[in-house]
Amino acid sequence: MTAPSSMEASRRRRRPARRRLSFFGVLGELLMTAGVLVLLFLAWQLWWNDAVIAGRQEDQAAKLRQSWGEDGPPAEVPSEPSAEPAAPGDPVIAPVAAMDTTFGNLYIPRYGEGWVRTIAEGVDAENVLDVGSIGHYPGTQMPGEVGNFAIAAHRSAAGGGMHLIDELQLGDAIYIETADGWYTYRFRNLEYVQPSEVQVIDPVPWTNDVAPTDRLITMTSCNPLLSTAERIIAYGVFESWQPRSAGAPVELAASLAS
């Protein structure tokens with residue numbers, strides 16, 4: 001009689017262990033499922049959603065161009081920087097647009113054929129950056145103006161406007177299109193700074209007590225990818241301007257015509 005009683009007692013002691021194993025098994029499956037869902041969300045957020053927003057930006061940029069009317073024939077702007085670029089007079093400086101209002105298009109051939117983003121006044125996340133637009137820092141200069149035309153965009157997600165900013169090379173063209181015409185800048189150098197170092201958007205970067213004499217462009221984004229730990233800064237210098245009647249820069253003519 002003693003042996004069966006011992007066996008029954010042993011089985012009773014083992015039953016809670018089976019229940020514990022079952023609980024942890026279910027928990028493990030739930031965690032694995034949650035992990036898969038997180039990965040799927042990241043894939044959607046960083047790739048599929050980026051592609052959707054980029055497509056919308058291309059459509060919005062095209063509509064903005066149409067609202068400004070037709071260009072003239074393509075302007076013979078060299079693909080390489082020149083020592084004395086030809087430009088029809090001083091650039092037209094547009095008045096500052098209303099906050100969150102789109103006023104221009106940005107083209108950077110280094111980012112790929114057909115790449116374009118709209119430029120809006122302000123750097124509000126919800127109304128500007130998160131919809132894929134490039135944001136113009138309020139209080140900084142407008143395109144072609146003496147000083148610093150400073151802009152910002154997401155590095156990843158929301159269209160990834162500045163995803164390839166670290167691949168810019170010396171002399172790369174940066175084109176700004178507005179209702180008045182085309183402004184050509186040339187990339188000069190990159191810099192990495194802390195998020196708090198906002199002196200990069202001063203009229204003369206890092207020097208807030210000196211009157212500007214050059215026309216600069218400063219593009220800012222987050223660094224590294226998928227992080228906001230730092231800021232990556234791309235500086236460029238103004239090269240030339242032409243009115244819309246002179247046509248788009250020849251480097252962009254083919255993609256704009258398609």
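Using N, Cα and C of the backbone, Cβ positions are placed for all residues, glycine too.
Per TrEMBL, these features apply:
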TRANSMEM  21-47  transmembrane segment
REGION    63-90  region 'Disordered'
COMPBIAS  77-87  compositional bias 'Low complexity'
ACT_SITE  His154  active site, proton donor/acceptor
ACT_SITE  Cys222  active site, acyl-thioester intermediate
Local Cβ density at Cys222 (active site, acyl-thioester intermediate) - other Cβ atoms counted within 10 Å: 21
Three-state secondary structure, His154 (active site, proton donor/acceptor) (per DSSP): coil
